[in-house]
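Straight from TrEMBL, the features:
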- 1-10: compositional bias 'Basic and acidic residues' (COMPBIAS)
- 1-21: region 'Disordered' (REGION)
- 25-46: transmembrane segment (TRANSMEM)
- 66-86: transmembrane segment (TRANSMEM)
- 93-116: transmembrane segment (TRANSMEM)
- 180-199: transmembrane segment (TRANSMEM)
- 205-226: transmembrane segment (TRANSMEM)
- 329-352: transmembrane segment (TRANSMEM)
- 364-384: transmembrane segment (TRANSMEM)
- 483-502: transmembrane segment (TRANSMEM)
- 522-540: transmembrane segment (TRANSMEM)
Amino acid sequence: MDESLSHNDEADASSSHSGSRRGGWITFPFITGALVGLTLTAGGWLSNLIVFLIEEFNVKSIDAAQIANVVNGSSSFFPIIGAIVADSLFGSFSVISISSCISLLGIIVLALTATLNSLRPQPCLLGSELCQPTSTLQDAVLYTGIALASIGLGGTRYTLATMGANQFDKPKNQASFFNWYFFTLYSTTVVALTVIVYIEDNAGWRWGFGLCVLTNIIGLAVFLYGTRFYNIDKPQGSPFVGLARVAVAAFRKRKLQLSSLSKDYYDRHDGVKEGIVTGTLSTSFRFLNRAAQKIEGDIRSDGSIAKPWRLSTMQQVEDFKTIIRILPLWSTSIFLCIPLGVQSSMIVLQALSMDRHIGPHFKMPSGSVIVIVLLSTAISLTLIDRFLCPVWQKLTGRSPTPLQRIGLGHVLNVLSMALSALVESKRLKLAKANHLQPVVPMLALWLFPQLVLAGIGEAFHFPGQVALYYQEFPVSLRSTSTAMISLVIGIAFYLSTGVINLVQRVTGWLPNDINNGKLDNVYWMLVVVGVLNFGYYLVCAKLYKYQNVKGADVNYSGSADNEK
């Protein structure tokens, strides 16, 4: 996919052999090996959760989809907490190690619920809607396992990405690492959603979850085995405290007349940080410049800050401005991911009501349908890297920017929702023609084109967002920057749950039996939301100016147009 793996940059390649410095490509097998093991674990339990809840815990279909959305949201929300802890307190290595152990505890508990009959209710009688409810103990054990597994997943996935990128000094190698990281992530998830889910559906849940326990142990062991090669960054304390001080100091000095002289502003002169020239303050959000403006009593005789909540450094002010500038773009990604959250849960219910046979002898598990998105994304990443980016560069003279990649992802996402609506309309017509039988005589293969489009869109907008945040965020917030996309996904899954609840209350589109509903109307509603959000994105992208100009020209393969 990239020549960086076969022709390593000399500085990064040799760093791992230096007695005084670690890191470089020698760490890649250990970090990606851990990613493979932990992703197999997460994919094995999370992707088939809806089916597990319906079959083993007698949960109704829409309720199971809602629970899965909340769990997906939590699993995506926890990475931002893990990133903050990594940046502020313990560092990436410790957070990944501890989270992997928590993940292992969670999947062990889930394996016990699948193994011990006393930890799950009796199955529903065939043909009857009367099912034994779960006991308090059964609910407690089930949701404890889910919570632990979610926390463990949240503390590893994107923190691994940050730790991997931190092994390299040059943007070229960092961009190459991100590309291979996402390729490994999606490829491994494909294996989890096919092999492990197939084992769960055919050999039994105890065997599937038992395999997840094994992959978690292997992933943790591989990660720890590479300890001696890692460049382990020490946490510098919470950068969020410094950002909070900017807001407080600016507010407390809100009546202060802004000075036009640079000498009136506090600068520690502790080196030039990436993207900021020491001794200058930008003119945007000028009211925040007051936070760095010196007045009597702010500075001690040795030049240090006497009152931290009344004076900030110029660097801290610029970091705060960077966060403010990127927030509108970040918010567009939330509305971009809400349709994907709805689609990922509804697609399982659609597949359950369709003919899932591929050939005369193989029946595809309903939880594996979403694997088409991952396959499409993994293949698209390769094609984008090897063909689209070089062609784009030849035609335009520069690589596609992160904003351009994200914008194309918006368009493909809208097209996927429109195709989803058309396919669902056809499925509902067949359901009514066949007197609303549980399984509609329509192949689940009809669901594949919309998932392929969604996967291609993800290949553009997810890596584009990670690259944008990593390049544009302050250096002190690098772990947080890569976890921002996870926070987007988490919020989107929570909101998708709210969307489904709202649709259920206001309309009759989503009954428990979707053959009696109008799921196609839900998809058309998401098309309208997507179009409006794309217009909002275009406005935000037009107004945004890259803070890291060199980083903006880094493409998927890791090449930089103006690398020095």
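Backbone N, Cα and C define each Cβ position, glycine as well.
TrEMBL labels come from automatic prediction, so no person has curated them.
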| said: Using Cβ distances below 8 Å and needing 3 or more such pairs, separated by at least 6 in sequence, tell me whether the transmembrane segment (25-46) contacts the transmembrane segment (329-352). | reply: no
| Selection from 93-116, 180-199, 205-226, 483-502, 522-540, the stretch that has most Cβ pairs under 8 A to the transmembrane segment (66-86) | 483-502
| query | Quick one: do the transmembrane segment (522-540) and the transmembrane segment (329-352) have at least 3 Cβ pairs under 8 Å, skipping pairs fewer than 6 apart in sequence? | reply | yes
| query | Between the stretches 180-199, 205-226, 329-352, 364-384, which wins on the count of C-beta pairs under 8 angstroms to the transmembrane segment (93-116)? | reply | 205-226
| field | Long-range Cβ neighbours of the transmembrane segment (180-199) (under 8 Å; 6 or more residues past either end) | value | 1-2, 5, 28, 32, 35-36, 39-44, 47-48, 157, 160-161, 164, 207-208, 211-212, 365, 367-368, 370-371, 374-375, 377-378, 381-382, 462-463, 466
| query | Against which stretches of its own chain does the transmembrane segment (483-502) lie, if we need a Cβ under 8 Å and a gap of at least six residues from its ends? | reply | 62, 65-66, 69-70, 72-80, 82-83, 154, 157-159, 162, 330, 333-342, 345, 462, 465-466, 469, 473, 510
| remark: In the same chain, residues at least 6 away from the ends of the transmembrane segment (364-384) whose Cβ sits under 8 Å of its Cβ atoms read 1, 47-48, 50-51, 179, 182-183, 186-187, 189-190, 193-194, 197-198, 200-201, 344, 347-348, 351-352, 356-358, 444, 447-448, 451-456, 458-460, 462-463, 556
